[in-house]
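> Marked as Na(+) binding site by TrEMBL: A:Gly69, A:Thr72. Positions annotated as transmembrane segment by TrEMBL: A:32-52, A:59-79, A:91-113.
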Amino acid sequence: MTLLLVALGAAIGAPLRYLTDRYVQARYGTGFPWGTLAVNAVGSLVLGFLLGQPLSPGLTALLGTGFCGALTTYSTFSWETLTFARRGEQATAVAYVLVSLLTGLGAASLGAITAQAL
Amino acid sequence: MDLDVDRRALAAVSAGGVLGALARYAIGAAWPHTSSEFPWSTWLINVSGCFLIGVLFTLLAHFRPGHRLTRLFLGTGLLGGYTTFSTAEVEVQHATPAIGLGYLAATITGALLAVWAGSTLAALGTRPRHEAPVDAR
């Protein structure tokens with residue numbers, strides 16, 4: 001049962017990440033990975049919120065492990081950073097890493113604080 | 001806005017994402033941790049996923065440059081669903097300050113070294129074995 005819930009969450013989270021990336025690229029171009037940054041921040045916010053709540057193991061599997069886990073990505077983020085570095089855009093690579101980590105941590109904390117306030 | 005997204009692309013990303021997330025769940029279940037311990041399972045998942053995406057995207061660019069669905073299934077779907085940014089950030093937040101900082105640094109350092117190593121090794125593997133020296137051509 002838990003496996004099915006993880007699978008269901010991921011079946012929605014992964015294509016939502018892809019669609020977000022496509023949408024952001026169509027609108028803002030391919031210069032900076034705003035799409036990956038956005039899904040990683042939103043996923044961290046939602047997961048921070050969820051884990052700050054009393055949540056059943058089933059919902060944790062569906063929304064946490066499945067949906068948020070598949071919505072966010074470390075592999076694409078690191079590939080994009082490597083691509084900047086190889087193009088000689090070291091400053092952009094460093095900025096992308098710092099902005100991603102700080103936004104993610106801030107979003108996770110904001111989610112947890114919101115969960116406590118409710 | 002017309003995104004021109006076809007259903008096969010969505011299906012490839014979704015199917016890959018499911019497989020990746022199940023693999024991540026299995027590793028996490030086999031190797032659990034409490035908030036006072038270093039989250040080794042997530043660290044391993046993210047670092048190995050970054051190594052594999054370095055290998056995959058480098059090999060695909062060389063051997064299958066036009067194979068969009070393979071890239072979407074294995075890269076965006078499987079490895080994107082396998083690795084997780086949100087869990088890593090929340091684990092930093094939930095850990096003790098010392099473990100959290102160490103984990104944050106170990107994850108980003110490990111991930112970037114891994115994607116570079118994977119890509120570099122794959123690029124070595126795609127070189128012809130008996131390449132003529134550039135001057136001799």
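Backbone N, Cα and C atoms are what each Cβ position is placed from, and that goes for glycine too.
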> State the residues, same chain only, that lie 6 or more residues beyond the ends of the transmembrane segment (A:91-113) and have a CB under 8 A from a CB inside it; answer 'none' if no residue qualifies.
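Distant contacts of the transmembrane segment (A:91-113): 32-33, 36-37, 40-42, 44-52, 77, 80-82, 84-85.
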> Indicate the candidate from A:Gly69, A:Thr72 with the smallest number of other Cβ atoms within 10 Å of its Cβ, considering only these binding-site residues.
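Fewest other Cβ atoms within 10 Å, among the binding-site residues A:Gly69, A:Thr72, is found for A:Thr72.
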